[in-house]
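Here the structure is laid out as structure tokens; the discussion comes afterwards.
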Amino acid sequence: MSHAVKIYDTCIGCTQCVRACPLDVLEMVPWDGCKAGQIASSPRTEDCVGCKRCETACPTDFLSIRVYLGDETSRSMGLSY
């Protein structure tokens with residue numbers, strides 16, 4: 001089952017989520033929207049196993065990264081009833 005990884009604009013560019021991911025799903029890319037000048041990106045979501053270690057590692061109170069497991073992804077997109 002595939003999962004979706006969403007990075008929100010509350011990301012502070014700290015790299016904690018990237019370092020926490022055991023499968024190298026995440027990477028940092030340039031972004032001018034924060035002081036660090038970079039934001040997390042999830043180019044390899046097909047490799048995500050849904051462990052949510054990235055969520056746990058995120059230091060922001062806004063939880064700047066969310067992993068939506070397969071069922072959650074379908075519901076949030078209105079694909080299941």
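Note: Cβ is positioned from N, Cα and C throughout, glycine not excepted.
Per Swiss-Prot, [4Fe-4S] cluster 2 is bound by C48, C51, C54; the candidate from C14, C21 named for the same site is C21.
The number of other CB atoms found within 10 A of the CB of C54 ([4Fe-4S] cluster 2 binding site), across every protein chain shown, is 25. Summed and averaged per residue, pLDDT over the domain '4Fe-4S ferredoxin-type 1' (2-31) gives 92.
Mapped onto DSSP classes, the domain '4Fe-4S ferredoxin-type 2' (37-68) shows 8 helix, 8 strand, 16 coil. Other residues of the same chain near the [4Fe-4S] cluster 2 site, with their Cβ within 8 Å of the Cβ centroid of C21, C48, C51, C54, are V5, C17, A20, P22, L23, V25, L26, V49, G50, K52, R53, V67.
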